[in-house]
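Data first, discussion second: the structure below is written as structure tokens.
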Amino acid sequence: MTAASFNSARLFGSMARGLALPQWLTWPAVGFALRTTTASLVALYIAFLLNLDDPKWAPMTVWIVAQSSRGMSLSKGQYRILGTGIGAVAAVTMVALFAQVPELFVLSLALWLGLCTAFATGLRNFRAYGAVLAGYTAAIIAFDSISSPPEVFDIAIARVIYIGLGIMTEAVFTTIFAPGAPLQETQGRLATYLRQVADLCARALRGQANTAGFQRLLTGALELDAAAEYAAASSSSVRNRFGHLRGATVAMLTQLAVAQSLREHLAARPDLDDPLVGKTAGLLDTIGSAPKIDPDTVAALRAEVRAALSEAVRSSDDGIPPRLPILAHLDRLLEGAHDALVRQALFSNEKAPSSRLKLSFHVDHLLALHNGIRTFVAIVIGSWFWIATAWPSGPSFIVILGVICALFATRPNPVAGGMGFLKGGLVAVLAAALCNFAILPMLSDFTELAVVIGIIMFATGLAMRNARTAALATSFAFLFLDLVGPDNTSRADAASFLNGALALLLGVGAGVLVFMLLFPSNLPAKRRRLQRATRRDLADIGRTPYRWTREHWLSRTVDRLSGQAATNAGVPEKQAEGDLRGMLAALTIGEAAITLAELAREHPRLSKPLNAVLRRLGRGDPAGLAKVSRDAANHLSYWINEPDAPARHTLIRAATQLDAVASAASNHADFLSGKRAA
């Protein structure tokens with residue numbers, strides 16, 4: 001290379017680096033900011049054209065529902081309009097019944113907000129947001145109409161129009177400028193997760209995996225399900241085949257549960273070195289690295305494992321041979337891998353039949369009760385303060401207080417969330433004051449207004465896509481528009497602006513204070529409740545196994561495992577590891593118990609020993625469960641040389657499931673009996 005060409009290369013390299021975006025600024029962030037800013041200005045312009053009384057709510061809604069993906073935006077928009085509609089009906093009803101009785105009006109509104117908050121605690125994703133919105137929408141409409149109750153219906157309809165206009169505008173812009181490829185993206189997520197599960201299971205067979213790796217992938221199933229649910233909001237293909245994706249997820253959760261159990265078994269018996277373990281690990285390596293693998297390849301190895309199972313039984317003179325549990329675990333591991341691959345193929349097949357599969361998630365009823373009571377008490381105290389002081393902005397204060405208590409009750413750390421909201425509110429007050437009293441008086445038409453607001457909101461959109469500033473920017477986005485309050489005919493005077501700003505800041509601050517004083521966050525107690533709920537459900541499986549399905553048990557327990565991981569702060573590392581292993585043992589026992597119940601129903605001759613095990617599980621006695629399971633396995637071992645192959649495989653499966661239950665119950669008896677303090 002000549003000196004001239006070298007210098008030219010350096011020059012162009014410097015120019016390219018100069019044109020490159022800073023690290024904190026990305027093209028997707030620019031696209032999001034530009035798209036959402038434009039959509040909000042269009043929504044505001046339409047609201048002006050329609051001469052709506054409070055046009056600011058249209059652009060505010062655009063910023064509230066705007067998300068990084070089309071599916072998330074549409075999903076949030078759907079639940080926002082649903083929550084708005086329900087809240088509007090509730091507000092009209094309360095004003096119609098109690099407008100002339102202030103005490104009953106306040107109590108009914110506080111009760112409604114409390115119920116909505118409690119209900120939202122048991123919901124997931126944007127369903128929880130919809131429930132919360134139903135609560136504080138009723139408060140907004142009710143307080144707006146308190147001075148003129150006969151107009152409540154008109155106010156409610158106007159509110160629905162504002163929200164609907166903002167949602168539709170944002171949806172149109174997102175659909176046109178950020179359509180995405182939800183089906184392809186979900187297929188990619190599923191394929192990645194499948195490879196990760198196969199890789200971890202292969203490492204578990206070689207003794208190279210750790211418990212934290214299992215926790216990470218088990219909770220990753222919840223993230224995959226949430227992402228697919230958002231994608232389903234914008235893609236009928238994902239929606240129709242959602243059941244196949246969940247079926248694949250359940251199969252992979254089964255794989256992980258079996259691999260964890262087998263990992264502990266192999267660690268306890270290092271003297272057992274079966275060549276099929278290495279062969280299975282090699283196949284799992286292939287699944288983890290190859291772009292595509294035929295399920296028949298897995299089925300072929302599974303047939304080899306099942307043949308080895310039969311041979312091990314035939315060559316055994318008495319009892320269950322030591323090799324049998326290993327082979328049975330490999331059989332179930334390969335069964336899960338095969339089912340996952342088949343379901344993945346169905347999810348990718350446009351001609352696949354529609355499928356629906358429901359999962360189950362943990363509901364913390366005590367937390368829901370606390371959240372409902374907290375919101376109820378906050379609204380009652382806030383209303384008393386308003387009535388006692390006759391503050392003109394008292395209704396705004398109560399609404400903000402209700403929003404904070406309801407919205408952040410469903411967050412992992414409500415105090416931190418509320419403080420982030422307060423910081424965004426402070427910045428919004430300063431920016432809105434500058435606009436209202438220094439810039440807006442100099443403007444004379446919508447174009448000038450759009451330029452000023454557009455510049456500020458574009459910068460806000462960029463900040464919303466930066467992890468360090470996202471929380472502050474998200475609250476700033478709609479609070480700034482609320483405080484500026486763009487209107488066709490007037491703008492805020494100093495007194496009303498300061499009253500509104502004070503109501504905002506005091507409302508947020510009071511909400512944070514309520515979270516700190518009334519039922520403050522207690523992670524150890526939450527951890528204990530999660531573990532008690534797991535033990536309670538294990539006992540319920542033993543008492544009423546017909547009420548349980550494998551997908552419900554696996555998904556609910558994995559959700560609790562994820563919740564337990566979120567409470568690890570301050571927990572000694574040894575205890576955290578023990579609790580994680582205990583939760584995984586519970587996962588194994590529950591999955592095995594459901595299988596045993598199925599076998600007992602399908603094969604009456606097995607019902608007596610298997611039902612004895614289930615009854616012991618229902619008593620919550622892990623030591624007794626381990627003993628009864630081993631006795632039942634020994635009892636079945638006398639029949640295990642059954643000449644009929646299907647019957648023999650059924651007996652083998654029952655015996656090895658009993659062995660897995662016995663091992664998990666004896667190894668983790670303290671956790672399963674509740675003796676280990678969280």
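Glycine is no exception: its Cβ is also placed from the backbone N, Cα and C atoms.
Here is what TrEMBL records for this protein:
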- 24-50: transmembrane segment (TRANSMEM)
- 79-98: transmembrane segment (TRANSMEM)
- 104-121: transmembrane segment (TRANSMEM)
- 128-148: transmembrane segment (TRANSMEM)
- 160-181: transmembrane segment (TRANSMEM)
- 366-387: transmembrane segment (TRANSMEM)
- 393-409: transmembrane segment (TRANSMEM)
- 421-440: transmembrane segment (TRANSMEM)
- 446-464: transmembrane segment (TRANSMEM)
- 469-485: transmembrane segment (TRANSMEM)
- 497-519: transmembrane segment (TRANSMEM)
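Same-chain neighbours of the transmembrane segment (393-409): 113, 116-117, 120-121, 129, 132, 135-136, 139-140, 143-144, 146, 371, 374-375, 378-379, 382-383, 385-387, 417-418, 421, 499-500, 502-504, 506-508, 510-512, 514-515, counting only residues six or more beyond its ends whose CB sits under 8 Å from a CB of the stretch. Beyond the ends of the transmembrane segment (128-148), by six or more residues, the same chain brings 76, 78-80, 82-84, 86-88, 90-92, 94-95, 99, 105, 109, 112-113, 115-117, 119-121, 155-156, 159, 375, 379, 395-396, 398-399, 402-403, 406-407, 409-410 to within a C-beta distance below 8 angstroms of the stretch. Across 24-50, 79-98, 421-440, 497-519, the stretch most heavily in contact with the transmembrane segment (446-464), judged by Cβ pairs under 8 Å, is 24-50. Take the transmembrane segment (366-387) and the stretches 24-50, 79-98, 104-121, 497-519: counting Cβ pairs under 8 Å, 104-121 has the most. Counting Cβ pairs under 8 Å to the transmembrane segment (104-121), the stretch among 24-50, 79-98, 421-440, 469-485, 497-519 with the most such contacts is 79-98.
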